[in-house]
């Protein structure tokens, strides 16, 4: 059920109708060409609501995914809206550098909160049809075999017969750990015939199983922090702690297959007189096998995933796509970036692993622990809609028809584009900036090199212009703060090299200046120019100036496309008597990244209890993970001592740090 205070307008109704019609007609590829500010997300939400199908939305980075997740939560408050991104705060893959004989061990920091959300996403696909999952390209990486995962679930029904020892053994098979001191996600505790389980995919609720004479007498959901019972239930399904669970008999079969491959590989290495590599491989593999037999898993178990899932050599790994129902829909947002990203993942992963195999760090089967190849993604992905203001060649070649959404509901038209000589670009820019600043408007300037951006910033400062320089070293949170300051008028001009990234749609920006627009290359391609020109599309007086001594083919394409859209928008406004109106979003509204785990659309206070928060400033995600772990230990300690106010304060502080870290 779609909830919104707006009705589709402008090009939206026709775009929705055509996309829904295409889906119902079985079209595999469709493209929505939607200009900046035309309400592409709202259109997609309406399509999802009309076709009533499980949907996977792919974004090209975590920040964009978090924004889409927040918007979808607002549009579908009663649906199961989930978030599936990489659960690593920090990840250093295993690698070997032969030139210096350096082995780099795998090092990572897992974000438990995101891991919980990933498990929640696959659970939703199994249990509900009204699921919308927002994911990044990490969804093409290997995940546990769905058949094994489903086989391992534990169904608990009130009145069923099960003894305490059997229940505890089943939880251990699901990789839950026993913890009598504190109940944490993915753990359980036993107190006589009462067993408390904190499901790995649950955000806030734990399960209490009360047995009487080997019968499940009562099932209850309760708050793991306070112990308060929330509700009594008749049945509950406990899902494995991780996607990488395997039944014992399959595990034993896999171990035998690993030993067979090891024997063959050792013979091969010794025949080539690679004795050091052979010894290394034998030692490492037999150690892993021993650990697997003892506890059911080992560090780096994903390298043996081919055997655990029973696949043939070279066969693609199971991924999130294997969990999708047959009638699912895929929406690829910012497809001009996301589609090439999908294709690039496999190649980088392959070259690193081939070195590990060659030098005896891994068995050849480790090569099958990989992301999907692009052709495998194509074969697995169901019907899909590509969404972009500038669709790439792949989308255009595969889509039967491109559905255009050029007219904005606000009546705003694309900015006027002007070409001026590059020889006088700096002085001309200075006079344009002064004119815009007098009107209380802001300016974006994009240069080709870091050196030029720094020099220009220095020059503008010398001429009393309030200017800031946005460079690649600025992290996501700081970047958001810089944009906030620009919107608030703390400075008037933002200089950068690549200002295409999402989040730079700022209504106060009335001028975009592109220096050296005639220098062909990635930053001055037709797609890049159209995207950059679009940054001024949310202002009534929007204008783009391209400084160039000649008009290149890319420039001409960008100018022609902008003029085509502008003409269509003006004609629509005249036909319907529509007066363009500027966007008046508050600074908080447009900058807010709705973080998964919080309530959509509302910025949580850092602390909701009487005590002021400590105001921890987190520089890196890896630091955030360590700090969250420390604070969680303190929180549980306070809860055990019945100091619930202090525990609640720490819980809110953890939530604030988690929000900051997720934006990184």
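Every residue gets a Cβ built from N, Cα and C, even glycine.
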- Item | Residues flagged as motif 'Beta-hairpin' in Swiss-Prot, choosing from 63-86, 87-110, 111-134, 135-158 | 87-110
- Message: So if I draw a 10 Å sphere around the Cβ of residue 34 (ATP binding site), how many other Cβ atoms end up inside it?
- Response: 25
- Identify, in sequence order, the residues in the chain of residue 35 (ATP binding site) that are 6 or more apart from it along the sequence and have a CB within less than 8 Å of its CB; answer 'none' if there are none. 389, 405, 406, 408, 414, 534, 537, 565
- Item | Helix, strand and coil residues within the domain 'UVR' (625-660) as assigned by DSSP | 33 helix, 0 strand, 3 coil
- Note on the structure: Using DSSP three-state counts, the residues of the motif 'Beta-hairpin' (87-110) come to 3 helix, 15 strand, 6 coil
- Task: Return the single residue from the binding-site residues list (37, 39) that has the minimum number of other CB atoms within 10 Å.
- Result: 37
- Message: Let me spell it out: for each of the binding-site residues (36, 38, 41), count the other Cβ atoms within 10 Å of that residue's Cβ, using every protein chain shown. Which one has the most?
- Response: 38
